Amino acid sequence: MRVAFIYRWLLCGAAIVNVLVAQRHTASDNPSTYNIGGVLSNSDSEEHFRTTIAHLNFDQQYVPRKVTYYDKTIRMDKNPIKTVFNVCDKLIEKRVYAVVVSHEQTSGDLSPAAVSYTSGFYSIPVIGISSRDAAFSDKNIHVSFLRTVPPYYHQADVWLEMLSHFLYTKVIIIHSSDTDGRAILGRFQTTSQTYYDDVDVRATVELIVEFEPKLESFTEHLIDMKTAQSRVYLMYASTEDAQVIFRDAGEYNMTGEGHVWIVTEQALHANNTPDGVLGLQLEHAHSDKGHIRDSVYVLASAIKEMISNETIAEAPKDCGDSAVNWESGKRLFQYLKSRNITGETGQVAFDDNGDRIYAGYDVINIREHQKQHVVGKFSYDSPRGKMRMRINDSEIIWGGKQKRKPEGIMIPTHLKLLTIEEKPFVYVRRMGDDEFRCEPDERPCPLFNASGATANEFCCRGYCIDLLIELSKRINFTYDLALSPDGQFGHYILRNNSGAMTLRKEWTGLIGELVNERADMIVAPLTINPERAEYIEFSKPFKYQGITILEKKPSRSSTLVSFLQPFSNTLWILVMVSVHVVALVLYLLDRFSPFGRFKLSHSDSNEEKALNLSSAVWFAWGVLLNSGIGEGTPRSFSARVLGMVWAGFAMIIVASYTANLAAFLVLERPKTKLSGINDARLRNTMENLTCATVKGSSVDMYFRRQVELSNMYRTMESNNYVTAEQAIQDVKKGKLMAFIWDSSRLEYEASKDCELVTAGELFGRSGYGIGLQKGSPWTDAVTLAILEFHESGFMEKLDKQWIFHGHVQQNCELFEKTPNTLGLKNMAGVFILVGVGIAGGVGLIIIEVIYKKHQVKKQKRLDIARHAADKWRGTIEKRKTIRASLAMQRQYNVGLMATHAPGTISLAVDKRRYPRLGQRLGPERAWPGDGADVLRIRRPYDLGKGGLTASQLGLGKTRPQQNPLPPRYSPGYTSDVSHLVV
């Protein structure tokens with residue numbers, strides 16, 4: 001560890017020694033004396049230059065040890081050629097490292113240019129202290145020139161600050177067609193692009209007036225200026241040209257009240273400058289001594305830093321050597337441009353062109369008798385590190401000797417207005433061929449095509465038209481009203497026309513017409529949002545609103561089976577199953593219960609039959625449907641207990657069904673399907689749910705900038721409509737489930753059609769405002785008028801008249817509050833059920849009749865067969881009887897003959913052959929009215945015995961016999977029956 005520590009210290013020591021050796025070597029390689037050249041305009045400047053360098057050598061802050069500066073000066077010659085020779089012979093041959101140059105303002109700029117050309121050829125830096133022409137900013141020509149004074153065109157920066165201070169938004173620029181005039185215009189346009197990113201009020205150039213120097217008349221340009229809207233004039237002109245411009249402007253009364261002139265330094269010195277003109281004056285502009293000192297110290301500061309960083313080669317010595325390329329001079333020029341010191345003329349710094357920045361200006365106000373009065377300053381603010389404008393507005397005397405700041409713009413009284421069809425705010429009606437004017441409550445609103453020709457004549461009326469009529473009366477303006485050319489409110493399109501890295505927004509529709517100054521005002525339901533407010537002005541909202549959702553009310557759908565809705569399908573199935581299960585259990589309980597059958601007291605009759613299955617099913621259905629039960633009731637106690645429980649179950653089921661049926665068929669339908677924008681079905685849109693808005697509208701922009709709605713917007717983007725009217729029609733038809741749009745329009749549609757309803761609460765709250773151009777003079781007047789309309793109740797009157805439709809809304813509410821009654825549509829299923837029952841009964845009776853006919857035919861065939869068989873059997877028996885009788889007769893005859901005694905023939909019943917013949921009284925089948933148990937018929941021989949009647953014998957009702965067949969008899973002899981003696 002100790003060895004490593006010592007090794008590190010040795011490395012650090014070696015590095016420090018190397019740095020010190022390098023610095024000593026560099027310092028020893030650099031020159032110790034530096035000659036500074038001066039091309040000055042007078043002896044005082046030359047003397048001050050020498051004195052400044054002498055004092056510099058004793059200032060250790062700027063001069064390193066063993067370094068000495070020497071001055072080499074020459075007098076500026078008006079002849080540029082002589083100046084070139086003097087520079088070569090008296091400065092470059094003396095090895096000057098830089099040149100400070102000044103000249104008289106009246107001598108022109110040719111001599112300083114000659115010094116710049118000559119020195120620049122050898123890369124010798126030149127510091128100008130009085131040259132302010134724009135040409136010196138061109139580094140392709142003046143490669144090594146920089147200056148401690150700003151060029152004239154830098155006054156454009158001060159213009160922007162003044163416009164921002166006075167809140168002027170529209171200007172006219174007047175400039176000469178020379179290099180400086182075009183430079184100040186370019187500077188203004190370029191700087192304004194970045195300057196207005198930090199301020200709220202943006203100034204635009206309405207008109208650019210370019211004139212040739214050495215004017216004789218400016219009248220032609222003044223005519224164009226007078227028709228413009230702006231009354232703020234920014235002028236760059238020479239003193240001579242400014243005199244001509246002021247002379248002609250005075251003749252056209254364009255220098256008096258309401259006109260604002262802001263001019264540069266040269267124009268400020270015209271001998272006819274009007275009262276109220278504002279101009280700029282560079283601080284220390286004529287202080288050559290201050291600029292000489294600042295230039296010398298800037299040079300010393302750059303050389304000192306350069307000495308500490310690199311080796312400086314000696315300056316060139318011979319002008320005749322064209323091959324000299326002094327790289328140290330180029331490097332020294334870069335060091336000079338990076339200087340930033342506090343000098344006698346203020347903060348001294350340079351831009352990339354070597355031009356002075358942070359130069360201070362006085363704001364001059366011209367008063368009576370051409371007196372100049374300082375009313376403000378544009379100076380460097382050290383704490384903030386930038387320039388700051390300070391103007392005392394109360395000290396300014398404006399044109400026409402006014403103390404109040406002019407509006408800076410001519411307020412036109414005839415405006416071009418645009419609107420768009422959007423019910424109920426604007427109704428549009430095409431004029432008929434035989435119509436020449438609109439109705440009293442309408443206003444003409446033609447539709448212009450791209451070429452500007454009238455395509456169609458329309459009439460407009462509605463909420464916004466009534467507002468426009470009242471507004472024009474209140475603030476006193478006339479107007480021409482037209483419809484939006486493309487029928488859209490407008491949205492922006494990102495374009496890159498010039499190939500720049502940044503995209504530019506281009507607006508379409510109504511907004512595009514306003515941005516491109518093809519219209520003065522938009523009177524329509526125009527939603528105020530940040531995207532639009534960046535490019536146009538808005539009045540205070542004339543109606544506050546938000547975004548909501550329009551949908552169709554759920555219909556009172558009544559299907560044929562609507563009477564089954566009180567119970568679910570599962571419950572209906574369970575009820576059906578329960579009926580038959582209970583019937584089966586009743587049958588089993590009554591069948592197997594020992595008490596399920598009973599006997600009559602003191603009776604020897606047979607037992608009654610138990611409850612059969614069909615009777616049990618009939619009983620279960622009868623109890624459930626609350627129908628009378630005439631027969632087939634349970635006999636056993638256990639079955640009757642179950643029957644009572646089943647009756648209670650049936651009562652609960654029927655009561656529940658009745659209550660729920662009323663709820664389903666009579667109660668109000670739900671008003672909406674959606675709960676609002678936070679409904680999960682909207683946030684996670686399903687295939688069977690469609691929602692949409694209007695393409696490029698303010699609602700569309702709202703969804704774009706809301707991150708939490710991005711998923712929903714991606715889904716609905718493909719469904720968006722071109723117009724709101726199309727979307728509303730699709731909602732009515734059921735093609736679109738939810739239309740998201742401005743609440744005012746949707747509330748109007750819902751009040752007009754009772755089948756439509758708005759869902760949920762408002763979101764994205766904003767307002768409708770009147771759109772105007774940026775900086776429009778009508779903005780404040782329109783805003784104040786709208787506020788007065790709100791206070792007076794005029795806006796509320798328009799709401800009731802056009803949006804809410806009081807009578808229609810009342811009818812809808814009455815319709816909603818009316819108790820719902822059941823109609824055929826609701827109970828059609830019940831009637832169909834009855835019809836099915838009737839049809840089923842008819843079908844069953846037909847089946848029964850057909851079956852009975854078939855049975856009767858079959859029974860007849862059986863009876864005929866039985867009768868034939870009986871007849872045949874009787875015939876056979878008769879033949880047998882006859883044969884037997886004949887045989888007996890023969891035997892009898894034989895016996896008689898044998899015994900000669902009388903004989904008899906027996907006709908008694910043959911009991912052995914027909915043992916049950918005496919019991920037949922008819923078929924043993926029950927007759928209607930018989931008891932539940934049919935008793936067997938007793939023998940008729942018991943009747944009359946001992947005085948017993950049929951009812952006492954237990955016969956009950958006796959069946960009358962029809963044509964009873966006589967018993968068959970066979971002849972024969974018997975000992976216990978009567979016989980017939982023949």
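Even glycines carry a Cβ here, placed using N, Cα and C.
The following features are taken from Swiss-Prot:
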{"type": "BINDING", "residues": "PRO525, LEU526, THR527, ARG532, SER698, ASP742", "note": "glycine binding site"}
{"type": "COMPBIAS", "residues": "972-982", "note": "compositional bias 'Polar residues'"}
{"type": "CARBOHYD", "residues": "ASN253", "note": "N-linked glycosylation site"}
{"type": "CARBOHYD", "residues": "ASN309", "note": "N-linked glycosylation site"}
{"type": "CARBOHYD", "residues": "ASN340", "note": "N-linked glycosylation site"}
{"type": "CARBOHYD", "residues": "ASN392", "note": "N-linked glycosylation site"}
{"type": "CARBOHYD", "residues": "ASN449", "note": "N-linked glycosylation site"}
{"type": "CARBOHYD", "residues": "ASN476", "note": "N-linked glycosylation site"}
{"type": "CARBOHYD", "residues": "ASN496", "note": "N-linked glycosylation site"}
{"type": "CARBOHYD", "residues": "ASN688", "note": "N-linked glycosylation site"}
{"type": "REGION", "residues": "948-982", "note": "region 'Disordered'"}
{"type": "TOPO_DOM", "residues": "590-646", "note": "topological domain 'Cytoplasmic'"}
{"type": "TOPO_DOM", "residues": "848-982", "note": "topological domain 'Cytoplasmic'"}
{"type": "TRANSMEM", "residues": "569-589", "note": "transmembrane segment"}
{"type": "TRANSMEM", "residues": "647-667", "note": "transmembrane segment"}
{"type": "TRANSMEM", "residues": "827-847", "note": "transmembrane segment"}
Residues close to glycine site centre defined by PRO525, LEU526, THR527, ARG532, SER698, ASP742, Cβ within 8 Å: PHE489, ILE528, ASN529, SER697, SER766, TYR768, GLY769
Recorded glycine binding residues, PRO525, LEU526, THR527, ARG532, SER698, ASP742 - maximal Cα separation rounded to whole Å: 16
Proximal but sequence-remote residues of the same chain as ASN340 (N-linked glycosylation site) (Cβ under 8 Å, at least 6 apart): GLN347, VAL348, ALA349
Sparsest Cβ surroundings (other CB atoms within 10 Å) among the recorded positions ASN392, ASN476, THR527: ASN476
Cα separation, ASN476 (N-linked glycosylation site) to PRO525 (glycine binding site) (Å, whole number): 22
Average pLDDT across the topological domain 'Cytoplasmic' (590-646), rounded to a whole number: 70
Coarse DSSP state, helix versus strand versus coil, of ASN253 (N-linked glycosylation site): coil
Proximal residue to ASN253 (N-linked glycosylation site) among recorded positions ASN309, ARG532, ASP742 (C-alpha distance): ARG532
Nearest of the glycosylation sites (ASN309, ASN392, ASN476) to THR527 (glycine binding site), judged by Cα-Cα distance: ASN476
Most crowded position, judged by CB atoms within 10 A, among ASN253, ASN309, SER698 as recorded positions: SER698
Distance [Cα-Cα, Å, rounded] between ASP742 (glycine binding site) and ASN392 (N-linked glycosylation site): 47
Cβ contacts of LEU526 (glycine binding site) (under 8 Å, same chain, 6 or more positions away): PHE489, LEU510, ARG532, PHE538, TYR768, GLY769, ILE770, GLY771
Distance, ASN476 (N-linked glycosylation site) to SER698 (glycine binding site) (CA atoms, angstrom): 31
Pairwise Cα distance for ASN309 (N-linked glycosylation site)/ASN476 (N-linked glycosylation site) [Å, integer]: 72
